[in-house]
Amino acid sequence: MIYDRILIRYGEISTKGRNRNKFIDKLRKSVRLTLSDFPNAVIESDRDRMYVLLNGEDGNEVASRLKKVFGIQSFSLAIKVEKDLEKMKAAALNLFSRLYREGQTFKITAKRSDKKFELDTNEINHEFGGHLLKNIPGLMVDVRNPDINLQIEVRSEAVYLSAETIPGAAGLPVGSSGKAMLMLSGGIDSPVAGYLSMKRGLDVEGVHFFSPPFTSDRARQKVIDLSKKLAEIGGQFTLHIVPFTEIQQSIHKQVPANYTMTTTRRLMLQITDRLREKHGGLAIITGESLGQVASQTLESMYAINEVTSTPIIRPLITMDKTDIMGIAREIETLEISNLPYEDCCTVFVPSSPKTKPKLEKVQHFESFFDFEPLIEKAVNNTETLTINPGMEQSLLEDDLF
Ligand code: ATP
Ligand code: MG
């Protein structure tokens, strides 16, 4: 590996005033988590920059992890050099020679935050450009569209050499906006909703309802696999798995068939809200998209939402399915979501759910039965898993081999 470090540029964080340190701390935490299996990597940060010192770890692999971390505007593999002109020139030539392939063009882009340095940016460009031209026969300058853009950044503490600026995932560092519970099904939409929420800095915990034996272990594993993808993005992911069989059976006994879907969703929301309270969240996220299915009409949302005043975040509400699928493909959840294992809602889905349920009616139907003890029991028996990005065992792998 030519490079000894990765230089990370902050995104929107850099516009934060007094909260800046808090944001930088969260970003540091995200970077540390995604790089937890690179034990030699050391993270350093200051007000303007973060550095990952590679200490022998593979820079390209570290870079591919960093691409997914929110709060990073861009980053570059870099070399730190002492602020000594001769040493800088030697290092620049060494780096350049290792990147250069015959026939390629180049330019130098100098930046100087240390105004006391002996050369200004123009002089750096000339000095280093000349040095490379003199030492590499046939090398040509192209300032508009160079194959290699060697960046020389002179800062107060040292000089950094790099040749490529890689775009980061932008957004805000995970956790900088507080915590919310994501209602995570095995479908296409909810993982995307989770991803978009994480991108705006939310610390997201998943809540999944499952109904054994009507839903299988494979359906459960599917949600764990989706969580793993979200863990790759957030560094770690907590998944709460709620046993829902008894409640679904009671709903089907108590509520007329065309209202079971509405009541089911109301109970899911209530349980998610209890878990939210228990784990210190301030909002609930769903993958709902307006008009997509019976439960996602405005009338349905109105009847379902009535059980809580907790803010419900619906990142996909105005998005088209094809756009949602595009994001799912990008974050590599689509393939998992498309696996055919049944979800608790599909197993119990009535043949004709009300698309325009009336709130008074659903309240009336629910009034004949006390769901409270069942809600409490479900919350108490909820299983909580901590999912790490590197965790093995997955359905896709199962299917392949
Ligand atoms: P998805 O693709 O996310 O499953 P969907 O288009 O299938 O969404 P619904 O089945 O109506 O739509 O679900 C709407 C939302 O309700 C989901 O996006 C998810 O947030 C939540 N939800 C549905 N089923 C479950 C479940 N078994 N556990 C947790 N949340 C669920
Ligand atoms: Mg679904």
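Each residue's number is its place along the chain shown, starting with 1.
Keep in mind that glycine also has a Cβ here, set from the backbone N, Cα and C atoms.
Binding site for ATP per TrEMBL: Met183, Leu184, His208, Phe209, Gly287, Gln296, plus Arg265 from the candidate set Arg155, Arg265, Arg266, Arg274. Cβ contacts within 10 Å of Gly287 (ATP binding site), excluding its own Cβ and spanning all protein chains shown: 24. Here the binding residues for ATP are Met183, Leu184, His208, Phe209, Arg265, Gly287, Gln296. Their largest Cα to Cα distance works out to 18 Å. Sorting each residue of the domain 'THUMP' (60-165) by its DSSP state yields 37 helix, 31 strand, 38 coil. Checking the binding-site residues His208, Phe209, Arg265 against ligand 1, the ones with a C-beta less than 6 Å from an atom of that molecule are His208, Phe209.
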